Ligand code: SF4
Ligand code: SF4
């Protein structure tokens with residue numbers, strides 16, 4: 001069996017963002033990312049700062065740990081990163097979870113296509129806007145969405161763009177207009193990932209969210225969008241593993 | 001054309017709760033409710049306090065006002081109450097909105113069935129838990145869900161239960177177990193509908209939300225549930241018309 005670089009396994013908790021916001025879920029966080037977004041809230045997955053915490057686990061070992069932690073108190077697992085789409089053999093884990101009647105969600109920025117995308121129950125593709133400092137490969141994005149279309153999986157996918165500023169909002173519009181057939185989520189960016197005062201963080205993020213709602217309200221191209229905050233950050237601040 | 005008792009028309013803003021949480025939408029709030037929930041956050045729709053603000057409007061007049069307010073900046077309208085399901089002829093408004101290529105969401109407690117339920121794009125049925133002081137007519141609920149099933153509309157519906165305490169959580173489980181085929185949302189109750197300090201309100205509601213997540217995490221029967229706060233209350237407090 002293949003091994004996967006795992007940094008965190010935790011839950012049951014809720015999915016705090018995106019297409020299944022609020023869903024009760026367990027989390028498996030894999031290490032490694034091909035991006036280095038300026039505002040990455042999981043930089044420890046790729047910047048070396050947590051490299052001693054990375055464990056190489058098989059699908060079965062991951063399942064055992066999920067079971068130990070969650071018992072029979074979960075039916076949904078979110079695989080997050082880093083970028084889990086770097087892991088060619090991740091279908092081993094996805095298949096095992098499906099055998100156990102567990103639904104699987106994943107988020108990726110859309111820089112890699114893996115055939116196992118067609119097995120994911122809730123697939124979030126989250127191209128990174130200009131403020132990240134990254135540049136989106138729109139050909140690759142098209143390849144991924146064409147693949148999902150051919151595999152008849154568009155109903156299990158969504159697009160999500162994190163927005164910090166006006167340029168990001170323009171980028172979000174472009175992504176949405178290009179793929180109107182996919183549910184589209186706009187998420188308010190957390191520009192205080194180092195803030196340790198929860199009160200300060202919450203007040204700031206709610207006012208940024210209000211800004212994002214007001215701006216989106218003025219954009220005809222975003223009429224069918226859904227505009228969301230990150231709920232876990234409102235509840236637990238910048239803490240990890242909740 | 002029939003007339004409908006309208007209390008508020010506002011937007012574009014976001015839907016703050018439930019199955020299309022975050023969705024950009026306009027709101028039409030109708031007057032009148034057959035319930036009187038102890039914690040109702042829209043008591044002005046039925047307790048007489050706003051009765052001088054009720055306007056009797058035709059579907060066309062409502063559409064004109066929506067257009068004036070929202071221009072081309074919306075493609076989704078939420079009809080809320082009170083209980084809009086009291087309005088036998090509301091299909092006139094639903095049909096008109098559909099003609100204009102507008103999607104329609106509605107929320108009702110499930111005390112009345114209207115044939116036009118089968119036309120609603122996002123139908124939330126929200127039976128009221130014990131803390132409301134109301135008692136749910138489970139036969140009527142079954143009648144509604146059977147009707148949606150026959151009309152092949154379960155994909156457009158969801159169940160939502162507001163939870164304040166342990167007894168409410170038991171009620172939520174019962175509703176979900178009875179209709180596992182419907183997406184199920186648990187919403188944290190706002191027990192401070194009179195609070196005018198937003199800071200106090202936000203801190204309190206977030207800690208109640210954390211409680212609800214922790215409690216739901218421990219309930220096997222809620223594994224597939226989605227647990228959500230009311231986003232509009234976090235952003236705008238107890239203000240009306242946002
Ligand atoms: S793609 Fe995601 S995990 Fe990778 S650097 Fe960007 S925000 Fe961080
Ligand atoms: S059913 Fe809704 S509108 Fe009617 S009293 Fe209860 S909470 Fe208020």
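Quick reminder: no glycine exception, Cβ is built from N, Cα and C everywhere.
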B:39, B:40, B:41, B:126, B:127, B:128 bind S-adenosyl-L-methionine per TrEMBL; candidate in B:82, B:203, B:241 listed for that same site: B:82
Average model confidence [pLDDT] within the domain 'Radical SAM core' (B:20-238): 97
Nearest-integer angstrom distance between the alpha carbons (Cα) of residue B:82 (S-adenosyl-L-methionine binding site) and residue B:14 (substrate binding site): 19
Nonlocal residues around residue B:14 (substrate binding site), in sequence order (Cβ under 8 Å, 6 or more apart): B:22, B:23, B:24, B:25, B:231, B:232
Sequence-ordered binding-site residues from B:16, B:39, B:42, B:80, B:126 with Cβ under 6 Å of an atom of ligand 2: B:42
For residue B:37 ([4Fe-4S] cluster binding site), the one of B:15, B:16, B:29, B:80, B:126 that lies nearest, given that the binding-site residues are compared by Cα: B:126
Environment of B:14, B:15, B:16, B:29, B:80, the listed substrate site - residues of the same chain whose CB lies within 8 A of the CB centroid: B:13, B:17, B:25, B:27, B:78, B:232
